[in-house]
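Feature annotation from TrEMBL assigns DNA-binding region to 124-218. Residues or ranges marked as domain 'Response regulatory' in TrEMBL: 2-116. The domain 'OmpR/PhoB-type' annotation in TrEMBL covers 124-218. What TrEMBL lists as 4-aspartylphosphate is D51.
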Amino acid sequence: MRVLVVEDDALIGNGLLRGLRHSGFAVDWVRDGEAASTALRSTQYGLILLDLGLPGEDGSSVLARLRQRNDPTPVIIVTARDAIGDRVAGLDAGADDYLVKPFALEELLARIRVVFRRQTGSPQTVFQSGTLRLDPAQHRVWLRAEEVPLTAREFAILEELIRRPKGIVKREQLEECLYGWNEEVESNTVQVHIHHLRQKLGTDVIVTVRGIGYRIGAPG
(Lines of atoms letter the chains of each structure in order from A and count residues from 1; the text may use other names and numbers.)
(Lines give C-alpha, C1' and ligand atoms only; values in the text may rest on other atoms or scores of the structure.)
Protein backbone atom coordinates (compact mmCIF):
# COMPACT_ATOMS: atom_id res chain seq x y z
CA MET A 1 0.00 0.00 0.00
CA ARG A 2 1.20 3.52 -0.82
CA VAL A 3 0.96 6.08 2.00
CA LEU A 4 1.29 9.87 1.81
CA VAL A 5 2.80 11.46 4.92
CA VAL A 6 2.14 15.20 5.21
CA GLU A 7 4.37 16.42 8.04
CA ASP A 8 6.62 19.48 8.33
CA ASP A 9 8.64 18.28 11.33
CA ALA A 10 11.80 16.58 10.02
CA LEU A 11 12.27 14.32 13.05
CA ILE A 12 8.68 13.04 13.01
CA GLY A 13 8.59 12.78 9.22
CA ASN A 14 11.79 10.73 9.07
CA GLY A 15 10.55 8.50 11.87
CA LEU A 16 7.26 7.81 10.08
CA LEU A 17 9.10 7.23 6.80
CA ARG A 18 11.42 4.61 8.32
CA GLY A 19 8.81 2.95 10.50
CA LEU A 20 6.17 2.62 7.80
CA ARG A 21 8.64 1.39 5.19
CA HIS A 22 9.91 -1.19 7.65
CA SER A 23 6.29 -2.30 8.11
CA GLY A 24 5.92 -2.90 4.37
CA PHE A 25 4.35 0.36 3.15
CA ALA A 26 5.55 2.44 0.21
CA VAL A 27 5.79 5.98 1.59
CA ASP A 28 5.93 9.45 0.04
CA TRP A 29 6.65 12.36 2.41
CA VAL A 30 5.81 16.03 1.79
CA ARG A 31 6.18 18.94 4.21
CA ASP A 32 3.44 21.43 3.31
CA GLY A 33 -0.13 21.60 2.10
CA GLU A 34 0.68 22.74 -1.41
CA ALA A 35 3.03 19.81 -1.97
CA ALA A 36 0.37 17.48 -0.56
CA SER A 37 -2.22 18.75 -3.04
CA THR A 38 0.24 18.26 -5.89
CA ALA A 39 0.99 14.70 -4.78
CA LEU A 40 -2.69 13.85 -4.48
CA ARG A 41 -3.36 15.06 -8.02
CA SER A 42 -0.66 12.82 -9.50
CA THR A 43 -0.65 9.69 -7.32
CA GLN A 44 -3.28 7.35 -5.92
CA TYR A 45 -2.78 6.60 -2.23
CA GLY A 46 -4.27 4.02 0.05
CA LEU A 47 -3.88 6.24 3.13
CA ILE A 48 -2.95 9.81 4.09
CA LEU A 49 -1.30 10.75 7.40
CA LEU A 50 -1.99 14.46 7.76
CA ASP A 51 -0.55 17.01 10.16
CA LEU A 52 -2.71 20.08 10.78
CA GLY A 53 -0.07 22.70 11.59
CA LEU A 54 1.62 22.99 8.20
CA PRO A 55 3.42 25.99 6.70
CA GLY A 56 1.28 27.86 4.18
CA GLU A 57 -1.91 25.95 3.54
CA ASP A 58 -2.82 24.04 6.71
CA GLY A 59 -3.91 20.42 6.96
CA SER A 60 -7.56 21.32 7.54
CA SER A 61 -7.71 22.97 4.11
CA VAL A 62 -6.09 19.95 2.46
CA LEU A 63 -8.65 17.66 4.09
CA ALA A 64 -11.58 19.93 3.19
CA ARG A 65 -10.60 20.06 -0.48
CA LEU A 66 -10.09 16.29 -0.56
CA ARG A 67 -13.60 15.64 0.76
CA GLN A 68 -15.17 18.36 -1.39
CA ARG A 69 -14.19 16.42 -4.50
CA ASN A 70 -15.59 13.22 -2.92
CA ASP A 71 -12.19 11.57 -2.58
CA PRO A 72 -12.71 8.66 -0.14
CA THR A 73 -9.01 8.07 0.62
CA PRO A 74 -8.69 7.32 4.35
CA VAL A 75 -7.12 10.14 6.36
CA ILE A 76 -5.61 9.89 9.83
CA ILE A 77 -4.80 13.27 11.37
CA VAL A 78 -1.51 13.24 13.31
CA THR A 79 -1.07 16.47 15.24
CA ALA A 80 0.03 18.08 18.48
CA ARG A 81 -3.38 19.78 18.83
CA ASP A 82 -5.01 17.82 21.63
CA ALA A 83 -8.03 19.99 22.49
CA ILE A 84 -11.40 18.26 22.28
CA GLY A 85 -12.64 20.97 19.92
CA ASP A 86 -9.80 20.27 17.48
CA ARG A 87 -10.47 16.54 17.57
CA VAL A 88 -14.18 16.99 16.94
CA ALA A 89 -13.54 19.48 14.13
CA GLY A 90 -11.06 17.13 12.44
CA LEU A 91 -13.38 14.15 12.56
CA ASP A 92 -16.38 16.21 11.45
CA ALA A 93 -14.32 17.50 8.51
CA GLY A 94 -13.93 13.96 7.22
CA ALA A 95 -10.89 12.45 8.94
CA ASP A 96 -11.13 8.74 9.68
CA ASP A 97 -9.12 8.99 12.89
CA TYR A 98 -7.25 11.55 14.99
CA LEU A 99 -3.95 10.74 16.69
CA VAL A 100 -2.22 13.17 19.05
CA LYS A 101 1.59 13.50 19.10
CA PRO A 102 3.68 12.05 20.54
CA PHE A 103 2.57 8.52 19.75
CA ALA A 104 4.17 5.10 19.35
CA LEU A 105 4.46 3.57 15.90
CA GLU A 106 2.66 0.47 17.20
CA GLU A 107 -0.40 2.57 18.04
CA LEU A 108 -0.38 4.20 14.61
CA LEU A 109 -0.21 0.78 12.91
CA ALA A 110 -3.08 -0.46 15.08
CA ARG A 111 -5.20 2.57 14.12
CA ILE A 112 -4.40 1.98 10.43
CA ARG A 113 -5.67 -1.59 10.80
CA VAL A 114 -8.86 -0.33 12.47
CA VAL A 115 -9.49 2.21 9.69
CA PHE A 116 -9.28 -0.47 7.02
CA ARG A 117 -11.40 -2.95 8.98
CA ARG A 118 -14.02 -0.23 9.30
CA GLN A 119 -13.90 0.41 5.55
CA THR A 120 -14.62 -3.20 4.71
CA GLY A 121 -17.71 -3.21 6.94
CA SER A 122 -16.61 -6.39 8.67
CA PRO A 123 -14.52 -7.15 11.76
CA GLN A 124 -11.74 -8.62 9.65
CA THR A 125 -11.05 -9.18 5.95
CA VAL A 126 -9.04 -12.23 4.89
CA PHE A 127 -8.24 -12.80 1.21
CA GLN A 128 -8.10 -16.34 -0.14
CA SER A 129 -6.95 -17.98 -3.36
CA GLY A 130 -7.02 -21.76 -3.37
CA THR A 131 -5.39 -22.93 -0.16
CA LEU A 132 -3.60 -19.60 0.32
CA ARG A 133 -5.01 -17.11 2.86
CA LEU A 134 -3.75 -13.59 3.58
CA ASP A 135 -4.78 -11.34 6.47
CA PRO A 136 -3.80 -7.70 5.73
CA ALA A 137 -4.65 -6.47 9.22
CA GLN A 138 -2.34 -8.92 10.97
CA HIS A 139 0.24 -9.20 8.16
CA ARG A 140 -0.05 -13.00 8.24
CA VAL A 141 -0.17 -15.63 5.49
CA TRP A 142 -1.21 -19.28 5.62
CA LEU A 143 -0.81 -22.06 3.07
CA ARG A 144 -2.90 -25.19 3.69
CA ALA A 145 -3.58 -23.94 7.25
CA GLU A 146 0.16 -23.58 8.00
CA GLU A 147 1.47 -20.07 8.64
CA VAL A 148 4.31 -18.95 6.37
CA PRO A 149 6.60 -16.06 7.46
CA LEU A 150 7.20 -13.40 4.80
CA THR A 151 9.31 -10.26 4.65
CA ALA A 152 7.49 -6.92 4.50
CA ARG A 153 8.07 -6.53 0.76
CA GLU A 154 7.14 -10.12 -0.03
CA PHE A 155 3.90 -9.55 1.85
CA ALA A 156 3.26 -6.27 -0.01
CA ILE A 157 3.61 -7.98 -3.41
CA LEU A 158 1.41 -10.91 -2.43
CA GLU A 159 -1.25 -8.58 -1.01
CA GLU A 160 -1.29 -6.47 -4.19
CA LEU A 161 -1.81 -9.61 -6.30
CA ILE A 162 -4.40 -11.33 -4.12
CA ARG A 163 -6.51 -8.15 -3.95
CA ARG A 164 -6.93 -8.46 -7.74
CA PRO A 165 -7.83 -12.14 -8.17
CA LYS A 166 -9.02 -11.77 -11.78
CA GLY A 167 -6.56 -9.11 -12.90
CA ILE A 168 -3.01 -8.91 -14.17
CA VAL A 169 -0.68 -6.62 -12.23
CA LYS A 170 2.14 -4.97 -14.15
CA ARG A 171 5.68 -5.02 -12.79
CA GLU A 172 5.61 -1.22 -12.56
CA GLN A 173 2.50 -1.40 -10.36
CA LEU A 174 4.25 -3.80 -8.01
CA GLU A 175 7.26 -1.47 -7.84
CA GLU A 176 4.93 1.38 -6.87
CA CYS A 177 3.62 -0.59 -3.89
CA LEU A 178 7.21 -1.23 -2.73
CA TYR A 179 8.97 2.10 -3.19
CA GLY A 180 8.38 5.74 -2.35
CA TRP A 181 9.57 8.70 -4.45
CA ASN A 182 13.11 8.95 -3.12
CA GLU A 183 13.91 5.24 -2.98
CA GLU A 184 16.11 3.77 -5.69
CA VAL A 185 14.29 1.00 -7.57
CA GLU A 186 16.52 -1.93 -8.51
CA SER A 187 15.73 -3.31 -11.96
CA ASN A 188 15.10 -6.90 -10.86
CA THR A 189 13.72 -6.38 -7.36
CA VAL A 190 10.18 -7.58 -8.20
CA GLN A 191 11.49 -10.73 -9.86
CA VAL A 192 13.71 -11.49 -6.86
CA HIS A 193 10.84 -11.14 -4.37
CA ILE A 194 8.54 -13.26 -6.54
CA HIS A 195 11.25 -15.92 -6.75
CA HIS A 196 11.41 -15.97 -2.93
CA LEU A 197 7.60 -16.14 -2.68
CA ARG A 198 7.54 -19.15 -4.99
CA GLN A 199 10.22 -20.82 -2.89
CA LYS A 200 8.14 -20.33 0.25
CA LEU A 201 4.63 -20.87 -1.13
CA GLY A 202 5.08 -23.00 -4.25
CA THR A 203 5.64 -22.29 -7.92
CA ASP A 204 1.90 -22.08 -8.65
CA VAL A 205 1.19 -19.22 -6.20
CA ILE A 206 2.12 -16.51 -8.74
CA VAL A 207 1.61 -16.87 -12.48
CA THR A 208 3.82 -14.93 -14.91
CA VAL A 209 1.94 -13.38 -17.83
CA ARG A 210 4.79 -12.89 -20.26
CA GLY A 211 5.31 -9.38 -21.51
CA ILE A 212 2.63 -7.97 -19.20
CA GLY A 213 3.06 -8.83 -15.50
CA TYR A 214 1.78 -11.26 -12.90
CA ARG A 215 -1.44 -12.62 -11.45
CA ILE A 216 -2.27 -14.60 -8.33
CA GLY A 217 -2.51 -18.36 -8.72
CA ALA A 218 -4.75 -20.81 -6.88
CA PRO A 219 -2.45 -23.26 -5.09
CA GLY A 220 -3.99 -26.61 -4.25
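The backbone N, Cα and C atoms fix where each Cβ goes, and this holds for glycine too.
Cβ neighbour count for the residue listed as '4-aspartylphosphate' (all protein chains, 10 Å cutoff from its Cβ): 25.
With DSSP states grouped into helix (H, G, I), strand (E, B) and coil, the DNA-binding region (124-218) comes out at 30 helix, 23 strand, 42 coil. Summarised by DSSP class, the composition of the domain 'Response regulatory' (2-116) is 54 helix, 23 strand, 38 coil.
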